[in-house]
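> A single structure is presented below for examination.
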Amino acid sequence: MSFGSEHYLCSASSYRKVFGDGSRLSARLSGPGASGSFRSQSLSRSNVASTAACSSASSLGLGLAYRRLPASDGLDLSQAAARTNEYKIIRTNEKEQLQGLNDRFAVFIEKVHQLETQNRALEAELAALRQRHAEPSRVGELFQRELRELRAQLEEASSARAQALLERDGLAEEVQRLRARCEEESRGREGAERALKAQQRDVDGATLARLDLEKKVESLLDELAFVRQVHDEEVAELLATLQASSQAAAEVDVAVAKPDLTSALREIRAQYESLAAKNLQSAEEWYKSKFANLNEQAARSTEAIRASREEIHEYRRQLQARTIEIEGLRGANESLERQILELEERHSAEVAGYQDSIGQLESDLRNTKSEMARHLREYQDLLNVKMALDIEIAAYRKLLEGEETRFSTSGLSISGLNPLPNPSYLLPPRILSSTTSKVSSAGLSLKKEEEEEEEEEEGASKEVTKKTSKVGESFEETLEETVVSTKKTEKSTIEEITTSSSQKM
């Protein structure tokens, strides 16, 4: 059995025997929880594992070939040296592959450190975002408190406005009442003026009547003087006539007729004088009564005029006071209406400002929510990448542990089968001694050794297969546990972030 046939048989069949179907392992590793990078490198890990398994199997085959070398009589030193060189080359390739795997492992560890640093930075940024998200809540509390204060001020202004409206309505009613009273007083004043005019006409009539009576009195006095003068003249004429008649009678009967004529004249004079006195007294009494009546009427008219003038003056004073009061109330009403308009404009401006502030805060809140959602998505992506890298690191760790276990078991089996420490130096004397000592019994011993070596090879391959299957099963179990734990951690982290963000909202 040559080295080339063993190598190619290992590359084709030992991979399926040890690790099973590579597509099944790759599909199992590239599950729904892993990322694209892990799926792209699952084939490389299976290829590396298959290469390492083939290398170990080929080294085992080399050991077995070295075990078979002493039994072959036709093997020369050149072939042994070539196989030794091939073995060295294979070992060198294996070392280079292990070095490359170690370098890749170091790169992945550095990448994990970088991702942990980024994770810490993102956690710090998330804490800052939470703090920033908590600050708008305090701003909202301040805004709500200020809004409550402004609402209280608005309610006070509304109550003051309602009170002012009530006062305005009361003042309007008072103005209406005063206006009605003013109109009533105006009507009373007009009636008093009309009465005054009527009284004035009566006074004028009384004055004219008094003047007429005075003229009548004067005419009566003149007539009385004229009557007295006429009476005196008539008396004088009668006296003269009486004297003439008395003289004529005296001549007839002076002694008898003289006393009777004197007494008759005396009686006539007394009658005329009493009649004139009665007429004069009656005229004076009528004049005095008329004059007293006219004076009384004039006094009453003067008193009524004075009272009317005083009442008119009082009405004018009250009207002026009510007019001044109405003007003051009108000015107060206008000032209150201006204040109400100013308060309404100020309230509208403040409400518009608060609406703008509310809109700005809502836009900031939406921006913060969108930014938080973006950071959550980035954090989710980073968690997915971290989970994939953790799975990949665990897979590489299990692969390295399995390779170390397999190399240790392979080294023990090779050392048990071939106890020589350095086959490159000890192989030629061993081959020479075996070829010189056992030339005669080469055929039978070669068959027996081949059968024994085949049995040992089958046992070693079965043992390696069992160990590799155990390593693969433990790797798959660890991988599934890592995926489940990572999903649980990610789900709990997302739920915690969502709960905290919803509570803060």
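Any Cβ shown, glycine's included, is placed from N, Cα and C.
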> Hey, which of Ser44, Ser363, Ser474 does Swiss-Prot call phosphoserine?
Ser474
> Have a look at Ser46, Ser335, Ser410 and find the one that Swiss-Prot tags as phosphoserine.
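Record says Ser335.
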> Pick the one among the modified residues Lys290, Ser335 whose Cβ has the fewest other Cβ atoms within 10 Å in this structure.
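If we count Cβ atoms within 10 Å for the modified residues Lys290, Ser335, the smallest count is at Ser335.
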> Could you check what DSSP calls Ser219 (phosphoserine) once collapsed to helix, strand or coil?
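Looking at the DSSP assignment, Ser219 (phosphoserine) belongs to a helix.
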> In whole Å, how far is Lys290 (N6-acetyllysine) from Ser219 (phosphoserine) when you measure between their Cα atoms?
15
> Looking only at DSSP and grouping its letters into three states, which state does Ser335 (phosphoserine) belong to?
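The residue in question, Ser335 (phosphoserine), is helix (DSSP, three-state).
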